[in-house]
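This report refers to the structure that appears directly beneath it.
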Amino acid sequence: MLKVFEKIFGSYSDREVKRIKPIIDRIEALEPEMQALSDEQLKAKTPEFKRRLSQGETLDDLLPEAFAVVREASRRVLGMRHFRVQLIGGVVLHQGRIAEMKTGEGKTLVATLPVYLNALEGKGVHVVTVNDYLATRDSEWMGKLYNFLGLSVGLIVHGLTNEERKKAYSCDITYGTNNEFGFDYLRDNMVIYKEDMVQRDLHFAIVDEVDSILIDEARTPLIISGVGDKSTDLYTRADAFVRRLKVKVFTELDDKEQTDDIEADYIVDEKANTATLTASGVKKAEEFFGIQNLSDPDNMTISHHINQALRAHGLMKRDRDYVVKDDQVIIVDEFTGRLMYGRRYSNGLHQAIEAKEGVKVERESKTLASITFQNYFRMYRKLSGMTGTAQTEEQEFRSIYNLDVVVIPTNMPVIRVDHPDSVYKNERGKFNAVINQVIECHKKGQPVLIGTISIEKSELLSSMLKRHGIPHQVLNAKYHEKEAEIIAQAGKLGAVTIATNMAGRGTDILLGGNPEFMAKQEMRKRGFREDVINQATGFNDTNDPEILEARKVYRELYEGFKKITDAEREKVVAAGGLFIIGTERHESRRIDNQLRGRAGRQGDPGESRFYISLEDDLMRLFGSDRLMGMVEALGLEEDQPIEHKMLSNAIENAQKRVESRNFAIRKSVLEYDDVMNKQREVIYAQRRKVLNGENLKENIVKMMENIADYIVNLFCSENPHPDFWDWEGIRSYTEKAYVPEGTLDFSKEQMEDLNKEKLRQIILDSMLKRYEEKEKEFGSELMRELERVVLLRVVDQKWMDHIDDMDQLQHGVRLRAYGHKDPVIEYKFESFEMFEEMNRNIQSDVVRIILNTHIDRNRMPQRQKVAEPVTASHGEEVRKPVVKRNKVGRNELCPCGSGKKYKKCCGIDE
């Protein structure tokens with residue numbers, strides 16, 4: 001029905017593009033007028049636009065003229081003129097939508113249109129890329145255009161100082177990676193002084209490779225962590241225990257099947273991606289750890305460590321999920337195949353894998369701050385994105401980010417030939433067919449790019465090609481350092497490249513070879529340093545004679561190699577262009593489309609074909625049993641391909657099932673994080689008020705009133721007579737911490753006259769008196785500074801503890817689904833109570849610390865920043881303006897507000 005509707009009326013994207021075309025006509029009509037302007041007149045358009053904005057015109061009013069200005073400036077500065085379809089893409093991005101543009105259609109240039117227009121407001125535009133290389137390249141390259149038009153450009157990459165970051169964010173346009181933007185937001189909400197904040201308000205972001213960032217990475221939260229203080233011994237013991245167990249692996253475990261009857265100690269369910277102990281395994285665990293009952297809440301820690309060891313051994317595969325390099329376990333990105341340095345699995349899984357691999361088990365980290373990309377990017381006032389493949393995920397973009405997807409027509413028609421899938425009975429037959437296809441292409445000089453899903457498979461194919469004497473390049477997580485260079489040359493005559501499905505994303509494969517990378521390689525051979533080569537091929541202005549000489553050499557080499565690659569290009573085109581071979585269908589159709597999209601860029605010829613076996617994970621876990629049975633009944637040879645419409649439909653249906661499951665997982669992550677996000681917003685808003693200089697005296701007095709109320713409600717029974725109240729509790733809770741000793745010692749006559757309201761007033765008056773005495777002792781200015789620092793430190797410490805508690809709660813409530821309770825509703829209810837309790841604890845700690853503080857003016861500290869590195873060490877900063885007055889127990893919280901125990905903080909030398 002939908003297809004019939006689209007035939008008559010066109011698709012949603014067709015209708016949207018048609019609606020935008022009148023705007024494009026207006027832009028194109030302005031071209032002669034813009035071409036007639038001098039450089040100075042063209043530059044003067046920027047202040048003119050800003051003035052018109054201030055006088056009431058809108059960005060939409062300015063759009064046609066502003067886009068025409070950018071188009072002409074780009075022609076003069078970069079030598080590139082925006083095509084009509086690129087103007088359409090620019091309008092879509094300005095409207096806060098996702099523009100799906102095929103590989104090679106010039107997304108980088110398209111972004112300049114909405115970036116310039118929105119930067120005119122002076123509130124900052126963020127251009128988000130997937131890695132530092134692309135952020136640097138695009139900021140330098142497109143920066144020439146923006147600078148020509150009078151706009152400033154900043155760059156956020158790893159390793160910058162706070163001052164450098166602040167300067168970059170204050171620019172009109174800021175390029176950077178999703179990780180850097182997210183981490184800076186978290187760090188800004190951990191500072192003690194407002195001037196240490198680096199970001200401005202989140203105004204407008206354009207996200208490049210938007211599907212990768214907002215969907216593929218949506219399940220992974222950004223976490224700033226410090227080193228925890230828990231021992232790692234239990235991970236080693238749990239690993240030793242799991243090694244003794246007998247395992248049984250199921251493709252899919254029938255719910256009705258009694259796991260108790262299985263002759264194994266633990267079972268792995270591949271489809272559900274779980275590893276669990278059987279009754280036999282539980283019994284062995286209790287014997288090994290010397291405990292009565294593994295399910296007892298007291299044994300939760302042991303149970304957790306065993307579960308992570310089971311996951312490490314049963315589910316996590318070396319050279320697929322992670323690699324071991326330089327005695328470290330490094331995660332492999334499941335989508336790009338890249339090594340993710342600095343990233344660690346959470347909840348102790350990383351430590352369990354370290355124990356499994358026999359490398360040093362690092363201490364578990366403590367989360368200081370975290371946020372998901374979903375919630376970070378939803379904070380922007382306007383958000384848009386670009387990618388080559390978004391349409392298959394349109395439902396998710398709409399429901400979670402309120403973004404619709406518009407497919408932008410290509411400048412030249414796509415002439416790539418996408419062959420139907422070749423399906424084989426087993427993996428051996430499939431790989432033999434792949435090798436035969438490569439040999440056939442290689443004979444005529446047609447370049448081949450083979451996409452694999454794991455290191456193991458790429459190395460297997462490599463060994464098969466070696467046996468047939470076919471020279472080739474392998475690109476996987478182990479050899480990713482030269483990723484861009486290897487991918488760039490994948491279009492050379494006769495080239496054969498094996499790569500993970502999404503490797504080298506952002507690098508164009510040019511038929512005949514890439515002269516830029518060839519020139520760089522030659523410069524390395526001639527002894528040029530890497531930093532000089534980067535400067536020589538970059539776009540920054542310079543007067544450095546060494547770099548100017550290097551640029552001259554580079555230009556000469558580039559021109560020489562360009563002649564060679566242009567001649568070779570003709571031969572590659574004659575051979576059929578780049579041939580893409582997929583060796584397995586990915587869980588997501590989008591990733592398959594990305595692999596296909598590497599060929600046929602800008603009207604180039606090309607071919608693609610996927611080779612599939614019934615032993616592939618997707619078919620094994622999600623293909624229908626009826627289909628598998630039918631294929632078995634045919635009794636085909638392993639080298640005989642199966643081609644049938646039913647089979648193609650089954651593959652697509654399997655992918656749709658997995659996509660739906662993964663969408664449900666991401667949606668579940670968001671449901672839980674939305675609860676946390678509301679609490680995060682409250683805490684961060686409170687912090688910002690403090691940082692912005694709000695007078696805290698009223699807040700502190702209000703806290704004292706709340707504490708007095710809490711004490712009376714907690715210890716005074718319903719009976720109005722004081723004899724029935726818990727005086728021991730009242731005194732131990734209140735005296736020393738909030739009021740001087742003896743304050744609550746009443747005579748018999750006073751007791752007779754006492755009621756709850758009078759007791760509350762006595763406690764409050766005593767706290768207020770002590771507070772006023774402190775202010776006289778310190779002076780108002782120092783008192784306000786003390787209040788500010790103490791409040792921020794206590795809030796940060798309690799928030800960190802709350803994050804841990806919420807994490808534990810989230811894991812715990814999931815089990816309640818078995819009791820027919822909605823885990824999300826349970827989580828919301830209990831997390832609210834925990835948040836209220838955290839706020840009470842913040843108030844009581846802040847008041848207690850302030851009332852018991854003595855300032856030693858000779859030990860006033862220098863100001864320190866809170867969270868410089870990604871893995872921030874928390875608790876060392878601004879902790880010594882305060883030292884104890886009363887004797888503090890060594891295991892009590894330090895009164896300085898650091899959140900550490902006294903013996904590990906100010907009492908460390910005692």
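From the backbone N, Cα and C atoms, a Cβ is placed for every residue, glycine too.
The ATP binding site annotation in Swiss-Prot covers Q86, G104, E105, G106, K107, T108, D508. Taking Cβ-Cβ distances under 8 Å and a sequence gap of 6 or more within the same chain, the neighbours of D508 (ATP binding site) are T103, G104, A488, N514, R601. Taken residue by residue with DSSP, D508 (ATP binding site) is part of neither helix nor strand, so it is coil.
Among the features that Swiss-Prot reports, Zn(2+) binding site is placed at C894, C896, C905, C906.
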Field: Env. residues of ATP site, Cβ within 8 Å of mean position of Q86, G104, E105, G106, K107, T108, D508 Cβ
entry: M101, T103, L109, V110
Message: Can you tell me how many other Cβ atoms are located within 10 Å of the Cβ belonging to G106 (ATP binding site)?
response: 17
Packing count at E105 (ATP binding site) (other Cβ atoms within 10 Å of its Cβ): 23
Statement: Least Cβ-packed of the binding-site residues Q86, G104, K107 (other Cβ atoms within 10 Å) is G104
Statement: Expressed in angstrom and rounded to a whole number, the ATP site built from Q86, G104, E105, G106, K107, T108, D508 spans a maximum Cα-Cα distance of 18
